[in-house]
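**Q** Quick paste from Swiss-Prot:
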| type | residues | note |
| --- | --- | --- |
| ACT_SITE | 265 | active site |
| BINDING | 73, 212, 213, 214, 263, 382, 383, 384 | substrate binding site |
| BINDING | 221, 241, 292 | Mn(2+) binding site |
| BINDING | 264, 265, 266, 267, 268, 269, 384, 415, 508, 509, 510, 511 | GTP binding site |
| COMPBIAS | 384-393 | compositional bias 'Polar residues' |
| REGION | 375-397 | region 'Disordered' |
């Protein structure tokens, strides 16, 4: 350690208590320097956890392969231990906090024997931002330290801001693998028994047994969503599982938009979107603030402002390539930690979907020889890259603005092969909250459950909301009421299929066409037609330059079928029954309003002809 200990009494006392409990061999206070990062990466190489990649192909980058039992978030081992079970709600796992603490104290007793205890002070959000929060993670994993240096602003500069009296969220992590004297360490220490536990009232996090991703990098989902969502409810702001992007128009106007999608719906691709060439040539441009999490607070001018609390990307590698997301590929071209991807013979990385043809031979994520005909994936489906956000070519110049950026629209979307139209704008804030609360997505191979079933994932926050989901809906309703100029709310669905099971919408860069309409709606420039669900673009309101999209196909993308929507509304009921005791009563009325709107419309609502409003005057 290359600096004096901080003089924050609460922090020093907590570190001392943890050291007595966990019994590490030594304590290292992380300073966040490049030298420290390089030394720890070298230590991980010596331990066999890291392999240094080819410096000509991937400068300053490393590959780690985890234990096969430690490859993803463990939702069934994730607990919200609020004082009252009712406050956790039916969508979270709960255990009495007193019982849980006793259990954890038993597990953590002596769990760091033979290891170094690292103290990581970190800031979620730009240093000194009024929206930012400070956390301190104690861990026995150097893998966690180096990932946290990419994912957060960390080290001595954070302690300087914390000062003597500053508040912080204590985050305690251990892989749960103590070493007896002379015992050889494993390349990926972890424990079969795993607990990821949040104590919302005392704002603390305990994680045991896993060294992987969101289970171990406690600033990410644990602090930035589960603890922060509860803090936001108490203090009047929002912590959301949401990307933030900026849209620059040909006139130079900048509009910031947040978008929430469940997993496997293309969130990172959308955050780093590159417009189609005809729209680029007209001067349209997209910039990235963040790809995963947004903290949103009301500003003094009546608008809402958002920051990306993270400092890097923890992206899913499989499926990412230069066609689908060139910005993500550029982001992980150097200074990156790869986890559970495959290794090429020349010490570079590969994963499914990276190239059209796989290499003739690889070493797979479990260290075994791999060939294209061996019948198993080379990279784990949840393989990741950890890359600095500053390396993203589309990064917005204001991505570290401590005030945040002003938000004009929120977009919610899932993966639906039918039912939900390409895009529509909610009639008002409450209607928008309802559409986000009933967000559904068909399960893919990435999620547990039968493929094709619709899983309700309200606001894409189901695994990440740190308190009762119905109270969360109420908080959103109240948040909008308290703002003079709330953002507009939109629904999108890129995944609608035709009768032959083919996607109707091209997606990827062409999503810019929908985004352009959304931005122009917010600015009061774009037309729309009233549908039973909300305001929808007419064919002529969209920019089709460079895309062959017949009117009939567009009508198919935007049609609303009464029978299908009646079934959809019945399935909303399942969620509402689960949350009934605290569900905002407006929701039941809103459901009736949508039903009434469907019955007052044609059985199969579809856009017709080339009708312009001025045509009515003839």
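From the backbone N, Cα and C atoms, a Cβ is placed for every residue, glycine too.
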**Q** Counting only residues 6+ apart in the same chain, whose Cβ is under 8 Å from the Cβ of residue 241 (Mn(2+) binding site)?
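**A** Looking at Cβ-Cβ distances below 8 Å from residue 241 (Mn(2+) binding site), excluding near sequence neighbours, one finds 225, 260, 292, 293, 459, 460, 461, 464.
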**Q** Counting by DSSP secondary structure, give me helix, strand and coil numbers for the compositional bias 'Polar residues' (384-393).
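**A** Going by DSSP assignments, the compositional bias 'Polar residues' (384-393) contains 3 helix, 5 strand, 2 coil.
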**Q** Other than 221, 241, 292, which residues of the same chain sit close to Mn(2+)? List them in sequence order, counting a residue when its Cβ is within 8 Å of the Cβ centroid of the site.
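**A** Same chain, not in 221, 241, 292, Cβ within 8 Å: 214, 220, 224, 225, 293, 464.
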**Q** Between C-alpha atoms, which of these binding-site residues comes nearest to residue 221 (Mn(2+) binding site): 263, 383, 508?
**A** 263
**Q** Which entry in the list of binding-site residues, 212, 508, has its Cβ near the fewest other Cβ atoms, using 10 Å as the limit?
**A** 508
**Q** Same-chain residues six or more away whose CB lies under 8 A from the CB of residue 383 (substrate binding site)?
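**A** Non-local contacts for residue 383 (substrate binding site): 316, 317, 318, 338, 339, 340, 341, 351, 365.
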**Q** Can you give the largest Cα to Cα distance in Å, as a whole number, for the residues 73, 212, 213, 214, 263, 382, 383, 384 that bind substrate in the record?
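**A** For the residues that bind substrate, the greatest Cα distance is 18 Å.
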**Q** Using a 10 Å radius around each Cβ and counting other Cβ atoms from all shown chains, which of the recorded positions 264, 265 yields the largest count?
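**A** Comparing the recorded positions 264, 265, the most crowded Cβ belongs to 265.
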**Q** Please work out which residue of 73, 221, 384 has the most C-beta neighbours within 10 angstroms of its C-beta, and give that one of the binding-site residues.
**A** 384
